[in-house]
Amino acid sequence: MKDLVPAWIDGALRPVGKLEAHQRGLRHKAVSVFVMRGPETLIQRRALDKYHTPGLWANTCCTHPLWDESPADCAVRRLREELGITGLYPAHRDRIEYRADVGNGLIEHEVVDLFIAEAPANLKVAPNPEEVAEVKWVDLYELNAQVKRRPERYTPWLRIYLAEHSERIFGTVATS
C-alpha cells in the first residue's frame, strides 16, 4: 500500500493517498526525527520539486508512515531513504498534534510521533536529491533564533515544534 497513509475519516483510521490527505486537510499519522550531535541538530532543506514546502528548511526527517508500518520502522526507513543514514535507531520521544496551512490549498493536520537520536561521531549523511536539497548541522539555540528572524525559510511544522514543543522534544526550551 505504497503512498497510502493512515488517516482518520469519520472517526475511523483508513488508508488514504498522501496528496488526498493534504488536499482535504485530513487528520493523519506522521513521523518526525531529530538527529542530534550534542547541542546541534541536523536539518534539511527540502528538495525544490516537493509538492509542498519546496526549498524550506525542516527537521532532520519528516514523513508519513505507510498504512501497515510502525512509526519506529518508518523513522529508520526514511532516515535511510532521504539521508542515506543507516544503523541509527531513534528513540520515541513524544506524540503531538498540529494543523498548518502548507500553501497551494494543502493542509497538514498531523498526529506526529516524534523521535530523537544522538549521532555517532562517524555518522555518514548522503542526501537523496529527490528528497533533500541540502543539509547542515546547526546549534538548537541558533536555529530557534534564525527561525524567529526569517520564519518564511522554515516549514510550518518546524516552527511549531520549536515554538510550542521544544521541551517535549529536546528536554529544554529552545530560546535565543
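Backbone N, Cα and C define each Cβ position, glycine as well.
Look at Swiss-Prot and you will find H22, H28, H64, E108, E110 tagged as Mn(2+) binding site. DSSP assigns H22 (Mn(2+) binding site) to a helix.
Under the heading domain 'Nudix hydrolase', Swiss-Prot lists 26-160.
Annotation comment: Swiss-Prot describes C62 (among others) as active site. Residues near C62 (active site) in space but far in sequence (CB under 8 A, at least 6 apart, same chain), listed by position: A30, V31, S32, V33, T155, W157.
In the three-state DSSP reading, E82 (Mg(2+) binding site) counts as helix. Spatially close to E82 (Mg(2+) binding site) yet at least six residues away along the chain are Q44, C61, T63, P127, N128, E131, V132, judged by Cβ distances under 8 angstroms. The feature Mg(2+) binding site is assigned by Swiss-Prot to E82, with sequence analysis given as support.
What Swiss-Prot records for E110 (among others) is active site. A strand conformation is recorded for E110 (Mn(2+) binding site) in the three-state DSSP classification.
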Protein Cβ atoms within 10 Å of H64 (Mn(2+) binding site), excluding its own: 23
Cβ-centroid neighbourhood (8 Å) of the Mn(2+) site, H22, H28, H64, E108, E110 excluded: V5, A7, K18, A21, L26, K29, A30, H109
Sparsest Cβ surroundings (other CB atoms within 10 Å) among the binding-site residues E108, E110: E108
